């Protein structure tokens with residue numbers, strides 16, 4: 001079982017903590033989420049603590065990341081979306097650093113666990129719902145009845161739209177967790193075959209591993225982007241009632 005491709009996703013307790021009957025132990029997942037947050041904060045602190053008119057490469061890279069998130073909000077929501085930059089930016093950076101941290105040898109990918117991604121998705125879902133009711137009041141409920149729907153079809157459409165709305169955090173979290181888990185399992189399996197092939201083909205299989213790692217890094221970045229862009233689209237639905 002120790003050589004199973006799924007063994008890398010095992011949750012291991014590091015510090016056993018129980019409070020009011022709940023198990024809130026500090027695990028390997030906890031430490032990698034904390035580490036991802038610390039690395040992100042350190043990166044942006046080093047990039048911006050001594051900003052210059054002629055920016056350093058680190059500052060330029062941080063500004064590119066910030067502008068990427070700002071552009072996502074601008075394109076999906078417009079000026080009204082600027083107030084959500086702190087939330088959306090934090091989500092993007094946390095997912096991005098967690099995904100990339102999971103690519104390091106002998107590490108742990110927190111975003112491969114549905115409980116982590118579902119928590120992030122619930123934050124988005126609750127924000128969208130609260131913003132919708134605060135901005136539009138009960139008119140927000142018209143989101144569940146598309147304009148021009150015939151009266152006889154209204155009950156069915158309301159049920160379908162409500163189910164679709166409630167399924168958003170599930171699909172958002174499953175997409176991220178499933179992609180991260182599938183990528184790591186595939187990499188683990190192929191790496192195992194490659195080690196066996198090296199007995200006969202010497203160093204020839206190594207480029208295959210390098211290509212796969214490069215592809216997995218691309219997927220890690222892409223999944224952070226997809227999670228964020230979908231969050232922006234959901235916010236747009238609440239703000240502009242689309």
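Quick reminder: no glycine exception, Cβ is built from N, Cα and C everywhere.
What you are looking at is a predicted structure, and each value in this text was computed from that prediction instead of being measured.
What Swiss-Prot annotates here:
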| type | residues | note |
| --- | --- | --- |
| TRANSMEM | 29-49 | transmembrane segment |
| TRANSMEM | 84-104 | transmembrane segment |
| TRANSMEM | 114-134 | transmembrane segment |
| TRANSMEM | 140-160 | transmembrane segment |
| TRANSMEM | 181-201 | transmembrane segment |
| TRANSMEM | 203-223 | transmembrane segment |
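The listed stretches are 84-104, 114-134, 140-160, 203-223; of these, 84-104 has the most Cβ pairs under 8 Å to the transmembrane segment (29-49). Take the transmembrane segment (84-104) and the stretches 114-134, 140-160, 203-223: counting Cβ pairs under 8 Å, 203-223 has the most. For the transmembrane segment (203-223), the list of distant contacts is 95-96, 99-100, 102-103, 111, 175-176, 179-180, 183-184, 186-187, 190-191, 194, 197: same-chain residues at least six beyond its ends, Cβ to Cβ under 8 Å.
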